[in-house]
Each structure stands twice: as C-alpha cells, then as structure tokens.
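Per TrEMBL, disulfide bond is recorded for Cys46-Cys77, Cys50-Cys82, Cys61-Cys67. Summarising the annotation, TrEMBL assigns signal peptide to 1-29. Taken from TrEMBL, the feature transmembrane segment covers 160-179.
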Amino acid sequence: MECCRRRATSGTPLLFLAFLLLSSRTARSEEDRDGLWDAWGPWSECSRTCGGGASYSLRRCLSSKSCEGRNIRYRTCSNVDCPPEAGDFRAQQCSAHNDVKHHGQFYEWLPVSNDPDNPCSLKCQAKGTALVVELAPKVLDGTRCYTESLDMCISGLCQVSAGLFSFIFFIGFCVCFLCSPAI
C-alpha cells in the first residue's frame, strides 16, 4: 500500500494523473492476459452511505482447474462526512445485537475500539458491566480500524487509508488517483 501514501504535489501535471487513472482502468495484468479470468463485474453498492465505505467487484475463473490471482477487488466510496446524528458506525453494529440474548440475557452493547490485536473484529461491552464479547469475527466493510484513523476494515483486514486519495486495491496492490481537490 506504499503507493497510496504518496501525495500529488501542486506541480504534478494533471495529464500524468489522468494517464495513471486511464492506464489503471485499461491495463490488463499478467494474470488477466492468460485468458483464464472472465472480465471484472460491476462495482457493488457502497457498504456505507457516508463516512467512507467500500465497494467490491468480482470476476470468475474460467479454468476447470484454478486461476492465479484474486477474484475480488475493492475501492473506497461515499467519502463524505456523516451528519452528527448518524452516530458511530461500530456503535451501530454493536447496538444491532441489543435484541439478541447472550447467555440468556439481553444487554445494551457499546463498542470496544482500538483493539491492537484485532481492530477489525466486532468487540462490544455490555453497558454497566465488565463483560466484553466478540459479537462478530469482522466488522462491516468501511468501519474504521481505530477511532482517530482513516484506515478502514475491508473483509476483516485493516487497510491503510489514502487520505485525500481514493484507491482501488487487491490485497497487496493498489492504484492511486486524486479524488478530491488538493488542500
């Protein structure tokens, strides 16, 4: 993800940025050229309507054996601030379990954030108790890994955010392009 950490400077020609964007859309990787993969499908709906989410695209292996490479890719979407009344996305996921009994009892669940060991699991604490439970092995795509970070969880893994940049990535590969005016 190192490519996503680079920032375009005010001297970066727009033509170069346009070239990067167009070439990333039309260039076929080595794994595509062998003809074993079908074309990439359409992008899914965004996992969130605001606050930054993720969208994915799938492709099908056409071989009767197996294909090398990934069958899924992701990109960021809905990169607009949420209204204050929307609340915390992780808290929304915890509260969705309030009407489900845990060991025979209902709890009001509050988010446990900033877990250094597994920031993309849904850990929640029962309000007024010390009980902390992992209610899901992974949070919904687009959930922030840490409260003070733009890094987001995608498919259970914390992915480095590109800040002003949007990114399309395969695990271990990304193509960056400017998605917002430079500050």
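Note: Cβ is positioned from N, Cα and C throughout, glycine not excepted.
Mapped onto this structure are the features recorded in TrEMBL.
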residue	record	contacts (Cβ under 8 Å, 6+ apart)
Cys46	disulfide bond	Gly53, Ala54, Ser55, Cys77, Ser78, Gly142
Cys50	disulfide bond	Ser78, Val80, Asp81, Cys82, Pro83, Ala86
Cys61	disulfide bond	Leu36, Trp37, Asp38, Cys67, Asn71
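Its Cβ placed at the centre, Cys77 (disulfide bond) has 20 other Cβ atoms within 10 Å.
Per-site Cβ counts within 10 Å over the disulfide-bonded residues Cys67, Cys82 peak at Cys67.
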